[in-house]
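For 80-344, the entry in TrEMBL reads domain 'G-protein coupled receptors family 1 profile'. Annotation comment: TrEMBL describes 61-88, 100-130, 142-160, 181-200, 231-252, 285-309, 324-347 as transmembrane segment.
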Amino acid sequence: MSMDQSEELSNDMNYKATYAANVHHRNDTIFNQSAYNDTWPSHELFCIYESSSEDFLSSPVFQICVYFMYSAVFLVALLGNGLVCFIVHTSPRMKTVTNYFIVNLAVGDILMTLFCVPFSFVSMLVLRYWPFGAVMCKVVNFSQAVSVLVSAYTLLAISIDRYIVIMRPLKPRLGKGAAKMVVAAVWGGAIITAAPIPIVSQLQRPSPWHEACKVDICSEQWADGKQSEHYTFALLTLQFTLPLTALVYTYGRIAHFVWGGRPPGEAESGRDSRLQLSKRKMIKMMVTVVAVFVVCWLPLNIFIVLWTLHEGDEDWAVWPGMPYVWFASHWLAMSHSCYNPLIYCYMNAKYRHGFKQVLSGLFCLKLNESKRSCQRSSLCERIPLSGELIIFHS
């Protein structure tokens with residue numbers, strides 16, 4: 001949304017309550033029309049957000065829920081994705097092409113967790129303005145766009161790799177060196193695609209309330225609305241529509257081959273049966289990862305499209321349910337960063353074993369620090385306390 005369009009939408013509104021919406025890769029502003037008097041109070045009172053009795057978004061119950069929900073996402077995402085990286089790094093048997101891509105997904109989710117979840121939470125749901133300055137405005141918007149693009153492109157790379165391995169078994173497989181080059185290309189493509197965002201991300205004061213209270217919002221300021229609209233749809237195509245189409249095609253073909261077909265010469269072999277079962281488990285896990293990505297990000301993408309198409313519609317912009325729709329879609333998108341480690345733990349025995357060993361080892365090490373010796377219980381007897389914590393067995 002451009003600056004001029006924001007001002008046009010907000011001319012007839014009371015600016016006391018403001019929702020700065022960092023949608024997907026963008027920071028657009030949604031103004032909540034609260035039930036306040038037309039006369040503005042003194043400067044001191046005017047700049048302190050006070051909710052009306054009907055403003056559930058500012059009620060103590062809702063605020064407590066919001067703190068818990070975003071804090072849970074931050075902690076689970078940081079711990080879970082950190083463990084994924086640690087497990088692959090410390091186990092030679094886990095250093096496969098697919099796991100390199102999974103680590104890349106985890107790094108992208110960590111980027112989202114560190115730079116997007118806390119900043120958007122504080123600015124949009126606690127303070128309702130941007131207190132972090134112009135540099136962080138650019139960094140946070142850019143980081144969110146890059147992290148989502150990295151996730152989309154990495155999922156695409158995994159699907160293509162699995163497609164070649166399963167559907168074209170005679171072709172040379174992707175080596176570890178080539179996989180690292182693909183990861184570099186993923187980050188390069190994501191950075192190039194998101195390059196316009198830090199250029200147009202600026203601090204703005206779109207309303208008399210922001211001017212009077214000397215507070216800013218962080219949003220994009222394009223030369224005209226058409227540029228914003230074109231970039232929005234281009235980004236939606238590159239990070240969602242095209243990757244999703246390719247993912248549906250590749251995994252659809254793979255699923256038909258693995259579940260519906262029987263490779264010649266492999267029907268009766270016990271070893272090949274186990275290999276087929278292993279392939280099915282891996283495909284199930286990756287399809288689940290893709291499905292969760294779609295479920296988490298689709299609502300926010302729909303929100304972006306609708307908001308872009310209705311930029312000149314004041315009635316639509318000030319609909320009372322708008323902040324609730326935005327909050328639900330924003331939290332769902334932010335929460336995506338914590339789901340992948342849970343999926344790996346639930347659906348992959350090696351990751352599950354690694355999580356158990358790391359967490360159990362940390363528990364015993366902490367017990368050692370407090371008691372100076374680990375009690376030789378049935379739990380601790382099986383936990384190595386040396387640096388070589390992760391040992392996987394086929």
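Quick reminder: no glycine exception, Cβ is built from N, Cα and C everywhere.
Note that this is a predicted model, so its numbers are computed, not measured.
The list of residues near the transmembrane segment (231-252) in space but at least 6 beyond its ends in sequence, with Cβ under 8 angstroms from a Cβ of it, reads 25-26, 145, 148-149, 152-153, 155-156, 159-160, 162-163, 193-194, 196, 222, 283, 286-287, 290, 294, 297-298, 301, 304-305, 308. When Cβ-Cβ distances under 8 Å to the transmembrane segment (324-347) are tallied for each of 100-130, 142-160, 285-309, the top count falls to 285-309. Proximity of distant same-chain residues to the transmembrane segment (61-88), defined by a Cβ-Cβ separation under 8 Å and at least 6 residues beyond the stretch ends, is recorded for 94-95, 99-100, 102-103, 106-107, 109-110, 112-114, 117-118, 121, 125, 327, 331, 334-335, 337-338, 340-342, 344-345, 351, 354-355, 358-359, 390.
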